[in-house]
Amino acid sequence: MSDTNIYRVQPSWKREGTIDNETYLKWYADSINDPDAFWGEHGRRIDWFKPYTKVKNTSFEGDVSIKWFEDGELNISYNCIDRHLEKRGDQVAILWEGDNPAEDRKITYKELHEQVCRLANVMKKHGVRKGDRVTIYMPMIPEAAFAMLACSRIGAVHSVVFGGFSPDALGGRIVDCESTFVITADEGLRGGRTIPLKENTEKAIDIAAKNFVMVKNVLVVRRTGGKIGWATGRDFWYDEELASVEPTCEPEKMNAEDPLFILYTSGSTGKPKGVLHTSGGYLVYASMTHQHVFDYHDGDIYWCTADVGWVTGHSYIVYGPLANGATTLMFEGVPNYPDQGRFWNVVDKHKVNIFYTAPTAIRALMGAGDEFVTRSSRSTLKLLGSVGEPINPEAWEWYYNVVGEKRIPIVDTWWQTENGGILITPLPGATDLKPGSATRPFFGVKPQLVDNEGNVLEGVADGNLCITDAWPGMMRTVYGDHKRFIETYFSQYPGRYFSGDGCRRDADGYYWITGRVDDVLNVSGHRMGTAEVESALVAHDKVSEAAVVGYPHDLKGQGIYCYVTLMDGEEPSDELRKELVAHVRKEIGPIASPDKIQFAPGLPKTRSGKIMRRILRKIAEDDFGSLGDTSTLADPGVVDDLIENRQNKH
Ligand code: WTA
């Protein structure tokens with residue numbers, strides 16, 4: 001074993017059914033040697049109206065076609081609700097903890113069934129049909145999950161848009177998938193502050209209309225009772241509508257490859273892409289990873305702190321846990337409200353067994369001091385998880401030693417929106433842990449490291465992380481743009497899925513994700529394209545040009561550093577800096593707030609006009625001693641000015 005600390009789970013920690021290392025190795029080999037047999041068997045973990053006779057039909061070559069269980073028929077909401085009713089109808093399905101610690105709700109599987117059926121009937125009443133796209137722009141309240149499940153019940157395709165996104169971002173997403181039905185709330189509530197969701201929705205609808213997409217109906221959940229605008233005939237109150245329909249609704253029979261959802265995510269270029277996931281393979285993969293990665297057992301209280309606006313919320317708050325009949329905790333608030341002990345208070349209050357969060361939250365809470373943690377008991381916890389960005393070993397050790405009191409394994413799970421479920425991860429009863437490593441591939445996942453020329457790297461190596469064969473949960477296409485799907489993921493290293501991440505493999509075959517190697521930023525676990533921030537900046541009338549790069553940030557993982565060239569006659573000022581920050585927040589949302597803005601009279605460009613980001617990254621990192629070759633620049637002089645006026649002087 002290599003130099004870092006190794007953590008091994010105690011045999012007494014394991015329960016019946018916990019996968020041990022021998023089983024992991026056997027199942028992994030089976031999944032690679034005979035994927036048809038392996039997934040043919042595990043595909044039956046969910047219920048099918050019509051069983052599949054074919055399992056895997058996938059190709060990463062040419063046109064790239066991914067089909068799993070292709071002649072099977074099922075319904076996702078049936079699998080997440082109806083099939084549990086007999087055995088666990090009165091068990092809590094969704095355990096909701098409000099932003100305000102005095103508020104909570106418990107929704108049993110029976111109640112979930114009725115809520116989802118009613119909402120499905122409301123959508124049908126308003127003309128929503130199989131295949132239609134429905135946009136969900138919601139706070140973290142149970143109705144967000146009801147909405148997703150109701151779509152799946154009638155075969156509508158949901159597009160959940162994170163409640164922190166701006167009207168522009170929401171409008172663009174409504175337009176891209178031509179969605180005419182929106183589900184939202186009057187206002188959201190986070191950390192004691194309200195978010196004007198309905199007002200944002202109205203602005204987004206106007207933007208959509210200018211792009212010839214006419215939203216027909218808006219269903220509005222009463223969350224705060226705040227004052228909102230209203231368009232009679234278009235807008236309907238959620239509670240009034242639900243009361244007016246039948247409490248049961250037959251689940252639609254869906255083909256395994258019928259779309260389940262679209263989720264927009266950022267890439268290196270252009271607008272966010274609509275990642276399309278389908279039904280059968282997605283649910284098999286989400287439920288199987290949820291069970292084995294978190295060692296989920298019947299009766300466990302499971303909490304993933306993500307927002308349903310991100311893929312982690314889709315797969316590990318809603319679909320995976322509910323397919324497994326779990327109690328899934330949904331949290332409306334933030335880690336530091338009313339204070340930095342909130343997570344652990346909630347763990348004690350609801351007797352949480354499995355807790356899954358992001359490194360950015362762990363780092364922030366670590367900075368707040370141990371007493372916020374140690375004043376809680378946390379005695380019910382048996383597993384900790386991490387996702388969204390590389391976890392630095394210091395944060396891992398703190399999570400392990402202080403939160404877990406050295407008795408609880410941590411699963412550091414690597415995956416992406418495109419993947420549908422976790423790809424590289426420890427299995428807690430099987431895998432020895434190394435702080436900072438996502439360790440080994442899940443069943444059916446074949447990682448490969450390649451150099452920039454595409455040569456395959458064997459053994460101990462550092463390279464670009466590809467996956468060489470399909471797994472059931474992977475995306476099928478970019479909504480409405482299959483060519484972009486092929487170009488983005490399968491063209492750089494032909495015949496392989498390229499993740500965009502850099503990765504190292506150590507002597508034990510463990511994988512260590514080193515972060516994005518493309519122009520995608522990861523700010524507090526939120527994915528963002530540098531191109532999106534740049535286009536927001538140049539949309540400001542005083543800006544002529546902008547280049548955006550990431551730099552290491554203690555809490556956020558990466559910070560956003562913007563180089564901005566102003567229009568002739570405009571003067572740099574702190575005032576203007578503030579104006580630009582506010583402008584980007586308005587265009588994209590608060591998660592895209594620039595951390596540093598440097599006014600730059602010129603940007604380093606090649607003679608053909610390409611911005612040399614390598615140089616900009618170095619300057620942003622205050623590491624300009626190693627700028628490399630600048631002789632190909634059209635005007636090498638601009639570099640001196642950039643260095644002189646850098647915003648990150650150490
Ligand atoms: C990063 C989130 C290191 C990675 C599920 C990936 C991670 C991007 C990890 C996807 C991890 C996610 N260790 N890096 N455990 N998990 N990432 O699409 O750069 O929001 O490409 O999906 O987050 O972000 P996305």
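The backbone N, Cα and C atoms fix where each Cβ goes, and this holds for glycine too.
Take the ATP site that TrEMBL assigns to Gly388, Glu389, Pro390, Asp412, Thr413, Trp414, Trp415, Gln416, Thr417, Asp501, Arg516: the candidate from Arg378, Arg527 listed for it is Arg527. Closeness to ligand 1 is met by none of the recorded positions Gly192, Arg193, Asn336, Ser524, Lys610, no Cβ falling under 6 Å from the molecule. For the binding-site residues given as Thr312, Asn336, Ser524, the lowest number of other CB atoms within 10 Å of the residue's CB is seen at Asn336.
Mean per-residue pLDDT, taken over the domain 'AMP-binding enzyme C-terminal' (532-610), amounts to 96. Put simply, the two farthest-apart Cα atoms among Arg190, Gly191, Gly192, Arg193, Thr312, Asn336, Ser524, Arg585, the recorded binders of CoA, are 24 Å from each other.
Around the Cβ of Gly191 (CoA binding site), 13 further Cβ atoms fall within 10 Å across all displayed protein chains. The two recorded residues, Thr312 (CoA binding site) and Lys610 (N6-acetyllysine), have Cα atoms 35 Å apart. Lys610 (N6-acetyllysine) is 42 Å away from Arg190 (CoA binding site) when you measure Cα to Cα.
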